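So Swiss-Prot has the following annotated:
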- 8-332: domain 'Protein kinase' (DOMAIN)
- 14, 15, 16, 17, 18, 19, 20, 21, 22, 37: ATP binding site (BINDING)
- 164: active site, proton acceptor (ACT_SITE)
């Protein structure tokens, strides 16, 4: 980072997205490996995505092993560097908030604004790469299902709706001994929403399953039918996770039209056309999904749970806490996937 006494040494670039670059870095004082994401704030949409991620991760008062942890956020303007805190009245921070709210740059465009997020470093790529480069493993599937349901329950408990759950946004940290299953971390909170309390008791935490959102966002193959309509709650995250788990268990893949990369994702086939599950259910809520596609890919309880998670009616889906409990029961009470 740009400072008279840098805290981090950037080692190499490990990823590049639409609004930022991610580096592997070392903490100078401890030699700890971290990931540093640099976001250039030259466009209002970049600022909004960055601030959404910052607000979501900084709102969490505790850590969870399966949710990416943000160590700190540093704001850089030209030669000035300042640690950014949520709710700050800093003259550097407020123009970014104004930019996000108005949708237009609220600072001198000649200034170079950057945000630096310091987060956990994950050395195993993303879930998509990990699953598709290895043979199917019941042990891995079970571990990943439990980790992801635990992460989602934690986020919803903290009033955060992710809104873009997909394998590309789930990072993998390899186990140190190479024997245990890797640790997953839900990441990329640029589209997330922190639900605030309202009504008669503002001190009471918001119920994410009753907080309705209207901005249709996410990635089409993981979007719930109600998201396409623009009227949804946290149950949309349950649907997205249902698509992910279904695709993981049966190795169902789609092809990214831009990169030609194979991705884990469920779909409905219409002749030669591949249609996102949510879009198909929006058009026909009574559509019966073919789960499982492969006869012995899952047991009866898992089949029933996936049908519930992928229901066209959000009220018929379990909430994140019910889902976590159901998956624990499936993992530890069922000894075979064929019953």
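Every residue gets a Cβ built from N, Cα and C, even glycine.
So that I understand the layout, could you describe where these features sit and how close they are to other parts?
Summarising model confidence by region, the domain 'Protein kinase' (8-332) averages a pLDDT of 92.
Around the Cβ of residue 22 (ATP binding site), the number of neighbouring Cβ atoms within 10 Å comes to 19.
Applying an 8 A CB threshold to same-chain residues 6+ apart, the list for residue 164 (active site, proton acceptor) reads 188, 190, 191, 192, 217, 218, 219, 222, 240.
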Of all the binding-site residues given, 14, 16, 20, which has the fewest Cβ neighbours within 10 Å once its own Cβ is left out?
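Across 14, 16, 20, these binding-site residues, the one with fewest Cβ atoms within 10 Å is 16.
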